[in-house]
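What Swiss-Prot lists as Zn(2+) binding site is Cys13, Cys16, Cys35, Cys38, and the listing cites sequence analysis. Here Swiss-Prot flags Pro123, Thr124, Gly125, Cys126, Gly127, Lys128, Thr129, Leu130 as ATP binding site, drawing on sequence analysis. As annotated by Swiss-Prot, domain 'ClpX-type ZB' applies to 1-54.
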Amino acid sequence: MARIGDGGDLLKCSFCGKSQKQVKKLIAGPGVYICDECIDLCNEIIEEELSESSELKWEELPKPREIYEFLDGYVVGQEAAKKTLSVAVYNHYKRVQAGGASGGDAGKGEVELAKSNILLLGPTGCGKTLLAQTLARMLNVPFAIADATALTEAGYVGEDVENILLKLIQAADYDVKKAETGIIYIDEVDKIARKSENPSITRDVSGEGVQQALLKILEGTTASVPPQGGRKHPHQEFIQIDTTNVLFIVGGAFAGLDRIIESRIGKKSLGFRAVLHGKDDPDASNVFGDIMPEDLLKYGMIPEFIGRLPIITSVSNLDREALIRILTEPKNALVRQYKRLFELDGVDLDFTTDALEAIADQAILRGTGARGLRAIMEEVLLSVMYDIPSRKDVARAVITREVVLEHVNPTLVPRDVAASKRGPRQEKSA
């Protein structure tokens, strides 16, 4: 036990040697003591190490081609969107590595690199959210998804825009430095378009008001974020986060924007010679390739908001072939997922080609895109997933077109039949 003095009644810190009279607090442990000054020093060392570990580090920043190839493993089709996103993300994080918007040397004549956020257009269920999620997974950065429809101006019922940043901080385990290099995907942004092209004299708290509130965080600012939500806990301490290096990807279906584009480029949208598009017509989404900022202005987005989204790309409607590829090709394809589920019960699951075609046709018919494929698969496989765990005699289940369309029971192959069929094949191959 560390003691000083003739009487041995004064205790001292086991680390720095100061007596209990020289420090504010001395904390006892099993045979040792530590003072408040040493505790503060330890905290400073830990904080420095944590801040260094939370900095964005890559041995080498992935090149646009590498990013594209990674996206290709998870997202089917949408080549133009993947190419645009690959270049935009590479340039963004190259800028972050170079030192941010000012780079620390802007005053010495260095070129200032501005941030370029991304606007992603296209119908629902075509991969907008998946593209953003896959990018964040590859780069190993914090990722948050926000729904623009829940946002309102400060002071009105709904979520404040600062809650978007809170989700990102939570995704980074409250490591603010790490969150400052994350990606935020704001979905359904078309729902915050103002109600008319012309500015209104009445207050639009969930439309134009939200666009105005988003301007600063999109551009880059130091925002004050309430860690528990600002409205329920008004007296809490705020977290300061700099959004200069946060990449914002803003997405929406923008239903009706195709007609605005067509009227500008000269295609008739009214009358006997009008170009008619159904909800699932591929041309209705392909026309987004001709978009101009003035089209978004007519749709109801304010000029300042459009100006902070300089990169515009779009995803197109998925046809039957693309949906079949989504079912089978990606690393986490639905067919592979369900095959794995059945393997855990010792059963092989097979889909015929016409069954996959029928599932794709159902998704097109429902207008849900790739997002609706899982719901259809659950409906098709419900009865067999109910029976299989209780049956030990089944080796294989075969899903045919009739199972999908007519809801008949799938073909179940018993284990003895499967073994007898497997035997001759093995003898032949041997």
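Note that Cβ sites are derived from N, Cα and C of the backbone, with glycine treated the same way.
Annotated features taken from Swiss-Prot, shown on the structure.
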residue : record              : CB count, 10 Å
Cys13   : Zn(2+) binding site : 22
Cys35   : Zn(2+) binding site : 24
Cys38   : Zn(2+) binding site : 18
Pro123  : ATP binding site    : 23
Gly125  : ATP binding site    : 22
Cys126  : ATP binding site    : 26
Gly127  : ATP binding site    : 27
Lys128  : ATP binding site    : 26
Thr129  : ATP binding site    : 17
Leu130  : ATP binding site    : 20
When distances run from the Cα of Cys38 (Zn(2+) binding site) to each of the binding-site residues Thr124, Cys126, Lys128, the nearest one: Lys128
Nearest-integer angstrom distance between the alpha carbons (Cα) of Thr129 (ATP binding site) and Cys35 (Zn(2+) binding site): 51
Rounded to the nearest Å - Cα separation of Pro123 (ATP binding site) and Cys35 (Zn(2+) binding site): 62
Cα separation, Cys16 (Zn(2+) binding site) to Gly125 (ATP binding site) (Å, whole number): 63
Which of Cys16, Thr124, the listed binding-site residues, has fewest other Cβ atoms within 10 Å: Cys16
Cys13 (Zn(2+) binding site) versus Thr124 (ATP binding site) - Cα distance in angstrom: 64
Zn(2+) site, defined by Cys13, Cys16, Cys35, Cys38: further same-chain residues with Cβ within 8 Å of the Cβ centre: Ser14, Phe15, Gly17, Lys18, Val23, Leu26, Tyr33, Ile34, Asp36, Glu37, Ile39
